[in-house]
Structures are given as C-alpha cells and as structure tokens.
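S.K.: First the structure, which I've put down as structure tokens, then a few questions once you've had a look.
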Amino acid sequence: MAAPWAAAPPEEPLAREAALLAVDAALLAGVLMRTQEEPGASQVVSYAPFTLLPSAVPSALFEQAYAVQQDFNLLVDAISQNKEFLERTLASTIKVDDFTARLFRIYTQVLEEGLAQSVFLGINRSDYMFDCGADGTPALKQIEINTIAASFGGLTSRTPAVHRQVLKMLGRTEEASRLLPNNPAQGLALGIAKAWELYGSQSAVVMFLVEEVQRNIFDQRCVENELWNRNIRVIRKRFRDVFEKGSLDDARRLYIDGQEVAVVYYREGYVPQNYDPQNWEARLLLERSRAVKCPDIATQLAGTKKVQQELTRPGTLEKLLPGQAASVARIRATFAGLYSLDLGEEGDKMAAKAIADPDCFVLKPQREGGGNNLYGEELRHVLEKIKDSPERTSYILMDKIKPRPSKNYLLRPHTPLKVSECISELGIFGVYVRQGKELVLNESAGHLLRTKAIEHADGGVAAGVAVLDTPYLV
C-alpha cells in the first residue's frame, strides 16, 4: 500500500506552489545547513534538502524497527566488551585495512594500560530498507548500524512540521494529522546528560568533537541546545585543539583549556581523512582518559562492516547475548544475506558468485559516511582486480536489497523541480548508558527517513545524495 499521492503526485504548477511554501516552512522551522560555497560560515545558510511530500512506510515494519532497537543497543554494548570476539573477527581486516588497524592498535593499547573510563555511552542508528521479495511483500532488512557520529537527529525533528503544512495546503488535512511527532535530538541529549551526571562532576563540560569545516552544524546545535536547556555546559573542539591543548591529570581526567571534560561526543573521526599523525595522537589521549567517550573505540569497532557480517553466522548472536532468545530472534529477522570475502574456499566461492552476477550484491568496505559502497559493473571490476589478493578481506558482500520505488519531488537548492522515482531508508536512533556492568539506560530515541532517486546507488544526506523525509505510515 502506498501513500495517497505516491502514484499521482501533484502536477507541476501545483507542485511549484507547494515547493515555495515548503522551502519557506523549512527555513522557518530551522531545517538548515551551511552552503557549499561558504561551509564554514553561518552568515549565509540554506535549507537542508528534503522531499516535497512524506513517503509511505509500512506501519508493521516501522513498529518492527522500533521494537528491535533496544536489542541492537544490547548487542553493540556486548560486542564492545568482548575483546576475544573483536580480535578474532577483525584479524583478517586489520592486516589489509590500515584505518581499522590503527583504531585496533589504540583499542589494545588502552586495554593493556587499563580502562580509566567507567561510564559508557552509546548513540547508534540502525538503518533499514524495505525489501520486496518475490511475492511483493515488503520485509525490513538492515543496511548497517552506525555507532559513531550518527547524524540528522536534530534536523529530522523539524521536518514533520514542514510536511504537515504542505499536506494541508494540498487539502490533505486528515493525512497531515497522521504524521508522527519525532524528536531524536531530545533522546540523544538525554543519553549524553545521563552520562554527564554519572561522571559525577557538576563543573565538567560536554565536548562535541567536530570537523574543521562543518556544513551540518545546525543538526548538532539541536542536540547541543537540549543540553544547554538542562544547564549542561557544551564546548566544541577539533582534534587539533585536543592535540594542542588537551592533557590528562594523575587520575586521567581530561582537561581542555583548563576545563574538565565529562563526555566526548564524536561528530568526527569515522573516516581515514579525519586523521593525520597529530589527530591520531589526540585520539589516543582521548581514549586513555576517564571521560565518557561516545563512542569509545571498542564501540566504533563494533560498528564495522566485518562485525556486521560475522553476526549473521549461525550461533554468533547466541554467544553474544546468552539466554536472550527473543532478542536474538528479533535481531536475526532483520538481517540481509552477508558474506565473508576472507581468503579460502568460502571467500573464493562468494567472489566468483558476485563477479558472475554483480547486480545481486553490494560490495562494502569498512567505512562510514555514505558513498563508499560498490554496485554492478564497478563491483565486478574491483572484485576481478582483487579476487586473488588479501585486499579483498577488507570488504564484505551483501545481498542487494530491492525496495519498491515511489514518485516524489526532491527539493534541493539551485536544482530544477522534477518528479523522481525514489526509494527510502529508515533509521532508528538508539541510546544506552552503562556504568561498570550495569545498564542504566536503554532506549530508542526517534527515527530518520531519508529518500533518494533510484539512479543513485549509494550515499546519504551529508554526501549530497539522499534528502530528509517524514514517514507516512500505511
């Protein structure tokens, strides 16, 4: 079942009028990004790209995605505490993937020294598509889980108001009333605030670790403002600032510019380009500290694609979540087919299969941030080149998910208005806080719907491909 407007979206004159209203409503609501021309300045801003109309999401699959999020929180937390599992799972990857290897070296160094950190905060986002099987029935299938810098929790809390206004203008008042409220920024801030409170110093600050140039600053400010509203002081620093001004005292408390840091919230540090030798030094300093890292380096490693693939092996979930059969069943129901490319018979077989039929698979490297996956002829070309090399172990293979497209208008600054065939991806935010061995918070914290034209295989909003959307439950 589709949204009432999916088969026949408004004709162009009406769509143009609705788009003018929608853009002004987005600016008014704060659905904002800095411009590509001036990515470091807020004097000139524009709206973050979004759909003209909300997209249909099957209500049963939406509820399923929410129902399994606390299970995924438990799973990520369990993996982050399981040194033997991480070592075994990433053994082949760290031989050929320098970025994962460097993260892993810091992880083992900090463990050998002994963890100073006793409070752990996880903010993750599990992303799904709706796979239409042979019989046409949609099924919820996980794309990935993001355990570091999961973005758009702020801006997505502001898009339902925009879509409500558009639907009302189009005479769809009843449908407008059915759009769900959604405020991930509040949920993410709740987790950060709880970690700050358990750290136990009223004068300590929360540090947002941010990129040198940040177009998506308003998304971060939404979470930041929620913390200021709780009278929690927030500072924004870069790796460079940590390297130049960061220090640890004898108790390994972290100080920047003389301020004690209770929580480090990473909105950077998830791709190799974020690091130079100084930044690696800064990362090590942060990981050695007593401050609550979101994520700590073990949790970042838990989000790698290799771990995701290993979780689909029979018996793995049961070992990580012993005695939790219901959680295991809910998690497993969301898995798409994932396959190892490790050297050996199994990997050889899968590489050959993907080369022979590349349109059935996605080739995924150990990277976050969108725009990294390979499809079709590009997949075939890369696999043919590396099929006999250890380099192939830095990738995993996944069955290609095939959602049913629907029509929508994608609103982007300086882009002509046209109807596109689109597919959507649903993300559910999860937040958990652990003190020692005790889980003190475990919640889902809202959702994110992103939509892109079908000609774009890969990439998110920050990568300039997908746009923000609002689910219309059907």
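In case you wondered, yes, glycine gets a Cβ from its N, Cα and C as well.
What TrEMBL records for Arg125, 148-151, 214-216, Gln220, 267-270, Arg450, 461-462 is substrate binding site. For Glu144, Asn146, Glu368, the entry in TrEMBL reads Mg(2+) binding site. Annotated ATP binding site per TrEMBL: Glu144, Lys305, 364-373, Tyr375, 398-401, Glu425, Lys452, Asp458, in sequence order. The domain 'Glutathione synthase substrate-binding' feature in TrEMBL is assigned to 204-302.
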S.K.: Residues with Cβ closer than 8 Å to the Cβ of Pro365 (ATP binding site), same chain and 6+ apart in sequence?
M.R.: Asp97, Lys305, Asn372, Asn373, Ser394, Tyr395
S.K.: Limited to the domain 'Glutathione synthase substrate-binding' (204-302), I'd like the whole-number average of pLDDT.
M.R.: 97
S.K.: Can you check which residue among the binding-site residues Arg125, Arg215 has the largest number of Cβ atoms within 10 Å of its own?
M.R.: Arg125
S.K.: Can you give me the Cα-Cα distance between Arg125 (substrate binding site) and Lys452 (ATP binding site) in Å, rounded to a whole number?
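M.R.: Here the two Cα atoms lie 18 Å apart.
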S.K.: Cα distance, Ser151 (substrate binding site) to Lys452 (ATP binding site), nearest Å?
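M.R.: So the alpha carbons of Lys452 (ATP binding site) and Ser151 (substrate binding site) sit roughly 17 Å from each other.
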S.K.: Between C-alpha atoms, which of these binding-site residues comes nearest to Tyr375 (ATP binding site): Glu144, Asn146, Ala149, Gln220, Glu268?
M.R.: Glu144
S.K.: Spatially, which candidate from the binding-site residues Glu144, Asn146, Lys400 is nearest to Gln220 (substrate binding site), comparing Cα atoms?
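M.R.: If we rank Glu144, Asn146, Lys400 by Cα distance to Gln220 (substrate binding site), first place goes to Asn146.
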S.K.: On a C-alpha basis, identify the one among Glu144, Asn146, Lys400 that is nearest to Glu268 (substrate binding site); the candidates are the binding-site residues.
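M.R.: The answer is Asn146.
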S.K.: When you tally the Cβ atoms that lie within 10 Å of each candidate's Cβ, which of the binding-site residues (Lys400, Lys452) has the highest tally?
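M.R.: Result for the most crowded candidate: Lys452.
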S.K.: From the DSSP assignment alone, can you count helix, strand and coil residues within the domain 'Glutathione synthase substrate-binding' (204-302)?
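M.R.: Its residues fall into 41 helix, 26 strand, 32 coil.
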S.K.: So for Asn146 (Mg(2+) binding site), how many other CB atoms are inside 10 Å of its CB?
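M.R.: A count of 21.
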S.K.: Rank the binding-site residues Tyr270, Tyr375 by the number of other Cβ atoms within 10 Å of each Cβ and report the first-ranked residue.
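M.R.: Of Tyr270, Tyr375, the one with the most crowded Cβ is Tyr270.
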S.K.: Looking only at C-alpha atoms, tell me how far Arg215 (substrate binding site) is from Asn146 (Mg(2+) binding site), rounded to the nearest Å.
M.R.: 20
S.K.: Round to a whole number and give the Cα-to-Cα distance in Å for the pair Ser151 (substrate binding site) and Glu144 (Mg(2+) binding site).
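M.R.: On Cα coordinates alone, these residues lie 14 Å apart.
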